[in-house]
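Record features, source Swiss-Prot:
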- Gly60, Pro61, Ser62, Gly63, Cys64, Gly65, Lys66, Ser67: ATP binding site (BINDING)
- 28-269: domain 'ABC transporter' (DOMAIN)
Amino acid sequence: MTDISFTTSLPAGPAPGAIVQPEGPAKVTVRDLNFYYGDNRALKDINLNLAANRVTAFIGPSGCGKSTLLRIFNRMYDLYPGQRAEGQVMLDGHNILDPKLDLNLLRARVGMVFQKPTPFPMTIYENIAFGIRLYEKISKSEMDGRVEKALRGGALWNEVKDKLSASGLSLSGGQQQRLCIARTIAVRPEVILFDEPCSALDPISTAKIEELIDELKEEYTIAIVTHNMQQAARVSESTAFMYLGELIEFGPTDKIFTSPNDRRTQDYITGRFG
């Protein structure tokens, strides 16, 4: 990554031109989004687009709201009482905040990979087949093909093709995370959410996940939350900087990291806080 240096000091407070929506069609459109934990407003008037077949990175200090925003995209907050979202989150023109929405179908369309690998306590084969069976009834031969395709898509097939009956828990940490990615894409989502997917992995495993993300964007729209700013710079086309529940700056990744409009973005990127 190119060394980042700044020759000017930016003014404090909101900066004009700090929110630049990506070019091209939007897969997800967020408008006037607010989110509440009880009476506490955790997200404040968020407006942004996730470009189709691109990687959008969310950065910011702990507690800034980036993971909260990510989990709104597949309504994970519905699992917890007292949490609610207001505004619009449009997926291909349909508001996913609609209370009548089928959440199982939404979570098939919007998959998620978590910080810690979470393989099911079952075989590698069944880790992949389990999700497919929730939505489809297919023959054994069709299932075999789908499992292989998902494992290839997760860059894991060549490492496990001779031990599909082994437990998913027997794999290394990096392999387990790729298994979780394969499990996610097996149900044919349109959007994949990554919440700190490499924070528990070694550098070699991290590099494999980053290479995989670059390949996956050919078929999927991707959003990734990361504390690793170098990772955000490597894998994404657009970057959003969040602070205290607000979207401070959003635009092309190169610009965010080399010439941000807002002083808070500059201070975070240069390590002055966070």
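Cβ coordinates are placed from backbone N, Cα and C, and glycine is handled just like the others.
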### Query
Taking the Cβ of Ser62 (ATP binding site) as centre, how many other Cβ atoms lie within 10 Å?
8
### Task
Determine which residues of the same chain, besides Gly60, Pro61, Ser62, Gly63, Cys64, Gly65, Lys66, Ser67, have their CB within 8 A of the center of the CB atoms at the recorded ATP site, and list them by sequence.
Thr68, Met242, Tyr243
### Summary
Here the binding-site residues are Gly60, Pro61, Gly63; the one whose Cβ sees the most other Cβ atoms within 10 Å is Gly60
### Task
Mind giving me a neighbour count for Ser67 (ATP binding site)? Other Cβ atoms within 10 Å of its Cβ, every protein chain shown.
20
#### Entry: In the chain carrying Cys64 (ATP binding site), residues 6 or more apart in sequence that have Cβ under 8 angstroms from it
Met242, Tyr243, Leu244, Gly245
